[in-house]
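Trainee: Swiss-Prot lists Gly164, Glu179, Lys180, Ser190 with the feature alpha-D-glucose 1-phosphate binding site.
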Amino acid sequence: MKNEMLALILAGGQGTRLGKLTQSIAKPAVQFGGRYRIIDFALSNCANSGINNVGVITQYQPLELNTHIGNGSSWGLDGIDSGVTVLQPYSATEGNRWFQGTSHAIYQNIDYIDRINPEYVLILSGDHIYKMNYDDMLQTHKDNLASLTVAVLDVPLKEASRFGIMNTDSNDRIVEFEEKPEHPKSTKASMGIYIFDWKRLRTVLIDGEKNGIDMSDFGKNVIPAYLESGERVYTYNFDGYWKDVGTIESLWEANMEYIGEDNKLHSRDRSWKIYSKNLIAPPNFMTEDANVKDSLVVDGCFVAGNVEHSILSTNVQVKPNAIIKDSFVMSGATIGEGAKINRAIIGEDAVIGDGVVIDGSKEVEVIGYKEVAGVPNED
């Protein structure tokens with residue numbers, strides 16, 4: 001079996017900075033934009049880029065993520081020559097197989113990669129919101145005769161110290177990599193998206209393990225090793241919308257940016273669709289007293305209150321006189337009569353009691369999965 005490029009999505013992160021939202025699910029399984037989960041963006045990019053085989057590497061709380069991905073049919077990745085394979089840690093005769101880092105997760109799955117036998121491997125994070133044509137990145141990789149290509153995004157200089165920064169020459173060849181530098185020399189921030197020549201990466205990972213050299217992380221170990229050995233390492237410059245939604249604030253911001261006709265993600269672009277697992281729900285119902293403005297309301301919602309600049313996911317109930325503003329409400333949540341919610345993220349199947357006030361005007365408030373805030377009305 002031969003495929004030119006295999007995609008490997010790193011989806012095992014716990015996402016501790018998302019607090020209550022990831023207590024029972026992996027970060028890539030967190031809901032986004034009303035009808036999606038975060039991993040849908042990486043999977044859809046793969047499908048739209050013509051990548052036939054995708055490995056999803058999981059670790060922390062994988063059940064919801066595994067169920068969501070299923071056999072890959074939602075992304076058209078269930079054909080004779082295509083597929084999604086969920087790769088989890090396992091025990092072997094040589095010992096524990098728990099993943100120790102990003103590149104260690106790849107090393108532990110060499111047998112799977114060898115079965116696909118790709119010429120190139122595309123490494124992706126499963127927790128970013130963006131649209132990218134990976135085929136364009138691969139062409140750049142080939143044109144540069146690169147051994148490794150790193151996707152980068154120009155960021156404001158004041159924010160550059162939060163990222164791994166790539167310093168390049170005039171031909172976009174990387175001459176230096178700095179991990180979260182205090183005084184950055186450039187603004188080219190790594191997006192955590194890499195294309196490697198598989199044979200070379202395979203050798204580097206195996207030799208590192210054999211010789212006791214730490215090669216467990218791409219940013220800390222592998223990229224510096226490539227640069228030190230003189231490998232041809234280049235950037236792929238991306239200028240579209242990209243958001244790391246690893247914090248409560250950034251997840252809320254991304255959802256708010258998703259609303260409206262002028263959303264930066266161009267969600268209505270039919271030439272590059274974002275696919276997800278289809279959920280069957282009845283049509284929305286809004287009472288005559290409902291007031292919905294500048295909001296995204298997904299199927300199955302019952303709205304009898306007021307909703308402004310917010311997202312209501314599948315099967316959300318908003319009872320009379322409730323007010324929701326600048327908030328993201330996940331599927332199955334119930335908002336009680338007269339409740340007031342401002343700048344908040346309400347988790348799946350959460351219940352907000354009658355008259356409860358959740359005010360995130362100073363800091364975005366979060367109600368977790370199945371959490372009950374206040375005493376719900378038994379009716």
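Just so you know, the numbers here start at 1 and follow the chain as drawn.
Positions of Cβ are set from backbone N, Cα and C atoms, glycine also.
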Trainee: Would you mind listing, in sequence order, the residues at least six apart from Glu179 (alpha-D-glucose 1-phosphate binding site) in the same chain with a Cβ closer than 8 Å to its Cβ?
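Mentor: For Glu179 (alpha-D-glucose 1-phosphate binding site), the qualifying residues are Gly164, Ile165, Gly219, Lys220.
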Trainee: Write out the long-range same-chain contacts of Lys180 (alpha-D-glucose 1-phosphate binding site), meaning residues 6 or more apart in sequence whose Cβ is under 8 Å from its Cβ.
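Mentor: The list for Lys180 (alpha-D-glucose 1-phosphate binding site) reads Ser161, Arg162, Phe163, Gly164, Ile165, given in order along the sequence.
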Trainee: Take the mean position of the Cβ atoms of Gly164, Glu179, Lys180, Ser190, the recorded alpha-D-glucose 1-phosphate site. Which other residues of that chain put their Cβ within 8 Å of it?
Mentor: Phe163, Ile165, Phe177, Glu178, Pro181, Ala189, Gly219
Trainee: Mind giving me a neighbour count for Gly164 (alpha-D-glucose 1-phosphate binding site)? Other Cβ atoms within 10 Å of its Cβ, every protein chain shown.
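Mentor: Taking all protein chains shown, Gly164 (alpha-D-glucose 1-phosphate binding site) has 21 Cβ neighbours within 10 Å.
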Trainee: If you count Cβ atoms within 10 Å of the Cβ of Ser190 (alpha-D-glucose 1-phosphate binding site), leaving out that atom itself, what do you get?
Mentor: 21
Trainee: Rounding to the nearest whole angstrom, report the longest C-alpha distance spanning Gly164, Glu179, Lys180, Ser190, listed for alpha-D-glucose 1-phosphate.
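Mentor: That value is 10 Å for the farthest Cα pair.
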